Amino acid sequence: MDLQLTTNSTDSGDRGGSSNESLQRQPPSQYSPAEVAGLAAVVSFLIVFTIVGNVLVVIAVLTSRALKAPQNLFQVSLASADILVATLVMPFSLANELMNYWYFGKVWCVIYLALDVLFCTSSIVHLCAISLDRYWSVTQAVEYNLKRTPRRIKGIIVTVWLISAVISFPPLISLYRDPEDDLYPQCELNDETWYILSSCIGSFFAPCIIMVLVYVRIYRVAKLRTRTLSEKRTVPEGSSQTENGLSRPPVGAGPSTAAAAAASLRLQAGENGHYHLHHHHHHLHHHHHHHHHQLRKSAELEDIELEESSTSENRRRRRSREEAAARKGSRGFSFSFSSTKGGQSAGAGSRLSRASNRSLEFFSTHRRRKRSSLCRRKVTQAREKRFTFVLAVVMGVFVVCWFPFFFTYSLYGICREACQVPETLFKFFFWIGYCNSSLNPVIYTIFNQDFRRSFKHILFKKKKKTSLQ
């Protein structure tokens, strides 16, 4: 928001001669040519960097499979607001600062001020909506994730922009305007105390308080659930379960014990030389459902375990260990039986082999399917947790960038000259707030590997294509 702590108004009776004298004494620009060139270069670089960085964010979310989650549409809308700040607000703020007056006319002054307040307000309301989205995904993991569709997220984004407009536009009705015949007109907001305080509270302090309280609540819930999850994971020594619900044998068990435990099949010879294959289907069915229930509870708790990390290298190592164990178990699977009739034993052995192979194939397929589902869920959970941390950093940086400006501006509204900071310092706080629009892509690049990979893919893929051509 291009706000001036001082105004250049003069009494209507003195406008004949004193006004012209003061305007002749006052230079059009308060900076030397070298300072003008330096400031123009720095701010121009900031504008270009903001546009390019946020365009990359939009392209990454819309094209990367890893960023296809509906909630990432919030980042698209937030990046769009930053792009609009860099294109429709910052260039005119720079010109107004360097020229020391408003050159672009009264109509564009009204539009410029309205857009400036709107984009600043929408940024923090976006962050407030994102914090609520993260809170619901933590406290209502299963139910809210089912409702979190692209259509619902788009509806929330439209609501965010409407709320921002409602907060921003009404106070702009009473803008301060210099007389039309002023040689150096100024484009300034209402300087009255009620407007300064209402705009500061509505555009910054109220959403900021909501955002901070929500994230404190997220942290507390996550910490409590993580402690509960660690207690649930505690199991007695010497006992464990496989992914299909069967009990694993002790570490020192022999091959025959391992085979019997893995297949849960038993062969008994009757008095008449016939063989009976007893498949403990009911026992396995019971164990499977019991373990599935435990897995579901564990998965729900893992939704809010912020400390969990899931990397592709760890998944490959775990998968290779499980496949090696499965191969070892299948090799160790053996049957021993005795019979008085060789033909009968050969036939029974053949039937037993086919039955055991079908059983092993069923459990192996079921286990692979369940392992794949759990792996996908864990990857999604880990990505959610990493991005929750990234968004907490984004919100913290936003508050740090904009708090000095809104704090000093609200102080000026309360006690005027007694609390007024030096004009140079106030302008510095004002431009630090604008710098925030360029920082989100940097934060995504540093703290989120999905964005980092996507940015590299977008930039270097295009370079490779041009080099090949």
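Quick reminder: no glycine exception, Cβ is built from N, Cα and C everywhere.
Swiss-Prot lists 279-296 with the feature compositional bias 'Basic residues'. Marked as compositional bias 'Acidic residues' by Swiss-Prot: 301-310. The compositional bias 'Low complexity' feature in Swiss-Prot is assigned to 331-353. Feature annotation from Swiss-Prot assigns disulfide bond to Cys109-Cys187; the stated evidence is sequence analysis. Look at Swiss-Prot and you will find Asn8, Asn20 tagged as N-linked glycosylation site, backed by sequence analysis. Sequence annotations record features per position, and here Swiss-Prot assigns topological domain 'Extracellular' to 1-36, 100-109, 176-194, 408-427 based on similarity to another entry. Feature annotation from Swiss-Prot assigns topological domain 'Cytoplasmic' to 63-73, 133-154, 217-386, 449-469; the stated evidence is similarity to another entry.
Here the topological domain 'Extracellular' (1-36) returns a mean pLDDT of 54 for the predicted model. The list of residues near the topological domain 'Cytoplasmic' (63-73) in space but at least 6 beyond its ends in sequence, with Cβ under 8 angstroms from a Cβ of it, reads 130, 133, 137, 148-150, 152-154, 157, 383-384, 450-451, 453-454, 457-458. Counted with DSSP, the topological domain 'Cytoplasmic' (133-154) comes out as 19 helix, 0 strand, 3 coil.
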